[in-house]
Amino acid sequence: MSRYGRYGGETKVYVGNLGTGAGKGELERAFSYYGPLRTVWIARNPPGFAFVEFEDPRDAEDAVRGLDGKVICGSRVRVELSTGMPRRSRFDRPPARRPFDPNDRCYECGEKGHYAYDCHRYSRRRRSRSRSRSHSRSRGRRYSRSRSRSRGRRSRSASPRRSRSVSLRRSRSASLRRSRSGSIKGSRSRSRSRSRSRSLSRPRSSRSKSRSPSPKRSRSPSGSPRRSASPERVD
């Protein structure tokens, strides 16, 4: 059923500041004095409040006027309509504000004539704090986002880069080993051929030196007489 009566008003009433030992029967007796009731519901977890619903919204308004601030179930209760603008109880009024004194000083700047919440320095501080907080939050968000993105990129690019670098290193080391072994073998063969050629050339040179003909002896004219080729004929 609707909580609004035929006159269009609110039929449910909120009851606050109830004690933990509040009973349903005592609430029904207190509120049924103003009119017939539909339901009475008491909160248990957490305790301390209840809802009473009337059949007529005018009875609900009368109960709010008559029972607000009264002692029910051993405690002074607060009674108001459950929706709309709540009716303030005389026990829930805020404390009266201190009257303005021109001789009072502001504890922010030490000047007279205003309080801290009206001070221009206090308003500047609040603005700077809010700006610094928003700036630090945006910085933290940007840093966390960029860090997470860089981590994802690193994790994605790390495995192919590592595999490529490992394969390149292996191929380079193998080629270097091959070239080094080939150069060592070539140098060894060259040194051996050079040593052999040297060993062979040495005795040949000595032999050639020993076999070289001795210098020709020059025959003096006083030597043995030359033989004439043919005797002269006498006619």
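Counting begins at 1 with the first residue displayed.
Including glycine, each Cβ sits where the backbone N, Cα and C put it.
Worth saying up front: this structure is predicted, and the values here are computed from it rather than measured.
Some features that Swiss-Prot has for this protein:
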- 123-180: compositional bias 'Basic residues' (COMPBIAS)
- 187-219: compositional bias 'Basic residues' (COMPBIAS)
- Lys24: SUMO2 cross-link (CROSSLNK)
- 11-84: domain 'RRM' (DOMAIN)
- Lys24: N6-acetyllysine (MOD_RES)
- 81-98: region 'Sufficient for interaction with NXF1' (REGION)
- 153-223: region '6 X 8 AA repeats of R-R-S-R-S-X-S-X' (REGION)
- 153-160: repeat '1' (REPEAT)
- 161-168: repeat '2' (REPEAT)
- 169-176: repeat '3' (REPEAT)
- 177-184: repeat '4' (REPEAT)
- 208-215: repeat '5' (REPEAT)
- 216-223: repeat '6' (REPEAT)
- 104-120: zinc finger (ZN_FING)
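DSSP assignment over the domain 'RRM' (11-84) gives 19 helix, 29 strand, 26 coil. Neighbour density for the residue listed as 'SUMO2 cross-link': within 10 A of its CB lie 12 other CB atoms from the protein chains shown.
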